[in-house]
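Q: Just passing along the structure, written as structure tokens.
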Amino acid sequence: METQALLVVKEITNGLRVAETKEEIIKGLTIIRALFIPDNLKSYHSPILHGYECTMLSSISQVVTSQFAKRIYEQLIAKFSLEFITEVTTDVFNSLMIPIFLEGPLRDSFIALLNTVTDSEKKNFGFYKCVSVLEKFISRNILVQLLKNESTSYGQTHSQIVDIDAEILLGYLSSFSEKVANKLQHENSDKFLPQNYIPTLGLAIIDTLHWAHDLVATGQDVSLLFVSSLVGKLCLTGFSDALLDTIVPHLSIRVRADYIWCRVCERVFAGVPDRNLEAVVVPLLKKLSWFGLVDKFLGDCVVHNTGVQVLVCTKLLLYRSFPKPKQLLQNIIGYLTTFHTRRHLFVEVVFRLLTVWGDKSSMKHISAEQHLYITRALVVCIGALKEQEKNTLRSDLLQNLMHGVQAHLESSDPNTRTLGMTVAKLLTQTVDSTGPQLEYDLDLNNPAVKDLLSYRELPEDPGPTLDEESLMSQTGEISKKNEQLLPESNEKQKAEEINDDSELDSDDDLEPYDMSNDKKVMSTAPPKYVRECMEGLICSSDNPDKTELCLQHAESLIRQKTTDLEEIAVEFAKILLHLENTHNFDNFLLNRFSALVALTVHCPQKVSEYLSTQFYERNYNTRQRMDILEVLANAAQELSQPEKQSHEKKPSPGIASNSGPSGWREVVQKRIESNTRRFAQGRTKPEPVATLNKFTQVAGQFFYPLMAKADKAQAYLDLLGSDSILLFRLLYTLAIILHSAINLLCAMQMGQALLEFTWPLRFHSDSSVRQAVLIATISVLLAVPAHFLMTDLQADMTETTAWLEGVIDHDPDTECQKWAAQALLLLREQIRKEFENSSN
């Protein structure tokens, strides 16, 4: 039969090649159309086909269509020329030639046309004719027929497409827009653009699935392997949003009412090749409006398909993160909890998330965004636990939780500590609501806490959306139900009655007293001297009102610069540092901090020396050591700033500014100035007055003592070990002090010392310490002159450049990457300016 078909094809192609007259061309095209379209074969008679029986003609047509169609199409495309169209006329071309391409073997037709367009070196008449035929080809009906043909070419037993031409067709359909756009460029057709082509192809896929559904409903077999592979290929090439936005709303309606549609969707989305699985499942989980639909689209494939199980239960929850993951996480966890066959996977996911969430090594080596994503997934799991699971898994969950909470509370990042406290409180309340609870000073108005709490409850079924409802009315298969609104008249009437009754007994007609300016009456007078203030702070338990007044006036008394302040400065600093808020005073921390800063500014040598030594002493808690560092940093900044000087002349006492002999002169002078036209104006502001930088003589006393004992581990203080939060703050304080010493001679030596101090800490396990090291490096680059960096510190700058590039490429913390990028940009800018200055 193949031999007979080959003879027929040779006669047809030879006839077309030598055909010169219109009649011969029409005869050849008619024979081809009869062979390609079997319905026309019985009524057609030709000398070429003479002598063959009807059954043999049908077999020959099948062989020609399946094996030799591509060869015939290439021969026909070779005839596309202006002379050919002139010979056969446009009407004959449209009535005979175009139907051969649009009604014959569509796979070979599409491949031949697209090959001609993409491989053509010149844009001649035949090129544009192929483009014109492709425009007619890219329509919903023809694409549906193409997909139907491919779906009937493979049986249910095929696990993958092995046909080379089918693989070529998949690639051409998924990359059609790019291929045509690269060739046509500005002459591209609107139908070929992705925003038009992908939705058209999506509608064709929907029609094909309708056809497959009808076949399955009647007990017939159909293969959706090609459609599934096409969906996977389109999603892999970046068209997942455009494609799923077209087909998912339609299918979401179908799967709600028909189990056969659930089977069809499972074959399409869960049956994609493994290489395309993630590209399909991830956007699908983002698009579905409710986790109950995930079960209908994917079925139980997560249980028996290892690839789907690894993707859903491990990769999407532990290794990937998304900026707005609420719907994705709720769909994943809700899908695992929907049916009892997947419940064991949900339990495994809960313990796996809890283990990774509380692991110290994991917290140090993943980014803050990834850790927040895992925390959100864990909160969703907590809300999805059933009562039986709470009872059976309570001890294991709480045991794993304790390790995780401890790791979070030891972190130097306040956001990490907030995540730990929130998860601990949620989990203990969920699994053991009647037992002892973990109580934390948790701010429920914190945006991070509010965000986590919003992940706790799995959503209810929202029902069909507006787009889906309009789609339901268009198809006519599902009637749109009118929503009955509950009458609100009775409720409103009851509310009005309650308001009327309450108005009878209300006191709204009485005007309240204005108490906004009332002040608290103190039984004691405020202190007038520094020593009196100190005595009031020492006797805090005897007279709380006096202690509060002394604390409120401490800063103002210190800034009066009394003569005996130097003698009592250290003792006063000791009192303030150990003062505790036993009576819950308002603004206690702010007042104490302001007084310590003022004391350090006006007595910098003695107070800075005392605070620096006390930082490494015993019997201080973390909060007090943090206060010491903050006071030194703020005092250094204030000392480095010039004092504000007033340039206005004050009027003499007892003389009004607008009266006397000078008053009328000012009025006259203002009138003259208002009517005077000036072509140039001199200095409008007084020249700045040079003042002494008070930080010059004490910069070293603020800086070097803080680095003296940083490497010595003590039982009460281990900066290189468990007290990384203090190490972070110490580095940050040193960076501020160095920046305050900018333009000072000592800045070069201080910058070099800070570089040496931070060198061993560049690869610290705590991300906050690494951030502080980067901030300190930026401070060095800003405070130290560029010529000193390029001469004495040239080797250090070379190593610093390599280190910053490594942080940008390999550090897991995104904040570290941002700081490193800024530091590297600043270093390169300093080098560029130095080279320009040296060349000039």
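Any Cβ shown, glycine's included, is placed from N, Cα and C.
Annotations per TrEMBL:
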| type | residues | note |
| --- | --- | --- |
| DOMAIN | 340-436 | domain 'TELO2 ARM repeat' |
| REGION | 457-521 | region 'Disordered' |
| COMPBIAS | 478-497 | compositional bias 'Basic and acidic residues' |
| COMPBIAS | 498-512 | compositional bias 'Acidic residues' |
| DOMAIN | 527-636 | domain 'Telomere length regulation protein conserved' |
| REGION | 639-663 | region 'Disordered' |
| TRANSMEM | 726-748 | transmembrane segment |
| TRANSMEM | 769-790 | transmembrane segment |
Q: Which residues of the same chain, at least 6 past either end of the transmembrane segment (726-748), have a Cβ under 8 Å from a Cβ in it?
A: 412, 622, 625-626, 629-630, 632-633, 636-637, 639-640, 693, 695-696, 699-700, 702-703, 706-707, 710, 717, 719-720, 754, 757-758, 761, 764, 766, 768-769, 771-773, 775-776, 778-780, 782-785, 788, 792
Q: Can you count helix, strand and coil residues in the domain 'Telomere length regulation protein conserved' (527-636) using DSSP?
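A: Secondary-structure composition of the domain 'Telomere length regulation protein conserved' (527-636): 79 helix, 0 strand, 31 coil.
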Q: Taking DSSP states H, G and I as helix and E and B as strand, how many residues of the domain 'TELO2 ARM repeat' (340-436) are helix, strand and coil?
A: 81 helix, 0 strand, 16 coil
Q: What mean pLDDT score does the domain 'Telomere length regulation protein conserved' (527-636) have in the model?
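A: Across the residues of the domain 'Telomere length regulation protein conserved' (527-636) the model's pLDDT averages 88 on the 0 to 100 scale.
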